[in-house]
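Feature annotations, reproduced from Swiss-Prot:
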type	residues	note
TOPO_DOM	1-9	topological domain 'Extracellular'
TRANSMEM	10-30	transmembrane segment
DOMAIN	10-98	domain 'MtN3/slv 1'
TOPO_DOM	31-45	topological domain 'Cytoplasmic'
TRANSMEM	46-66	transmembrane segment
TRANSMEM	70-90	transmembrane segment
TOPO_DOM	91-101	topological domain 'Cytoplasmic'
TRANSMEM	102-122	transmembrane segment
TOPO_DOM	123-131	topological domain 'Extracellular'
TRANSMEM	132-152	transmembrane segment
DOMAIN	133-216	domain 'MtN3/slv 2'
TOPO_DOM	153-165	topological domain 'Cytoplasmic'
TRANSMEM	166-186	transmembrane segment
TRANSMEM	190-210	transmembrane segment
TOPO_DOM	211-254	topological domain 'Cytoplasmic'
């Protein structure tokens with residue numbers, strides 16, 4: 001019989017694979033940016049927010065804060081590398097005004113993380129206290145990111161069209177939320193359960209909306225397809241966050 005820890009590891013590995021796919025969902029956007037050597041109207045905000053989210057989860061999962069959470073560390077460590085690459089590309093092809101804003105936000109995030117790390121390690125001396133402090137921060141920022149798709153879902157209902165909410169991404173989002181919720185329930189972790197439970201719920205709602213409005217969606221023109229880009233959610237738009245929970249939508253930038 002499989003032990004709970006073994007089952008948890010298997011589910012966590014599956015979650016890592018799914019979340020990694022979600023982290024890669026903005027690749028077409030950045031391929032377009034590289035080809036045109038211009039960020040056009042795209043914003044770095046979602047990627048900056050996802051970077052902060054990943055940093056918090058990496059800190060949460062290290063042994064001195066929350067033992068036995070290495071799979072949380074691995075996927076969010078990968079997320080840091082992926083998001084850092086996106087931001088480097090964005091910085092490379094941005095005008096000076098956007099570059100300065102990016103650097104300012106990055107600076108604030110790094111100062112915030114330094115304050116969190118020092119505050120937690122110096123003031124909390126047990127795993128329980130450290131997990132609680134960092135976990136609450138992870139839940140707060142992670143949950144905010146999951147409310148972003150509400151704008152897209154509202155648009156689907158209003159237009160009776162799922163043009164901006166692809167089925168495959170909605171399905172993967174749902175599976176990702178379910179997978180990480182299961183991971184958190186096997187060895188109960190409230191801080192991983194809450195944001196990923198929300199991810200599973202929002203993913204399910206997206207699938208229901210897709211089923212309701214798929215037939216009323218007009219066929220897209222080639223021009224519409226050319227400008228449709230997946231992007232990372234962290235604010236209004238579309239996103240992938242991981243603890244590994246993720247919610248992904250597609251927005252159009254013109």
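For all residues, glycine too, the Cβ spot is worked out from N, Cα and C.
Pairs of Cβ atoms less than 8 Å apart link the transmembrane segment (166-186) most often to 10-30, out of 10-30, 70-90, 132-152.
Within the model, the topological domain 'Extracellular' (123-131) carries an average pLDDT of 95.
When the stretches 10-30, 70-90, 190-210 are ranked by Cβ pairs under 8 Å to the transmembrane segment (102-122), first place goes to 70-90. Panel annotation: around the topological domain 'Extracellular' (1-9), residues 68, 71, 183, 186-187 of the same chain, lying at least six beyond its termini, place a Cβ under 8 Å from a Cβ of the stretch. Counting only same-chain residues 6+ beyond the ends of the topological domain 'Extracellular' (123-131), those with a CB under 8 A from a CB of the stretch are 60, 64-67, 191.
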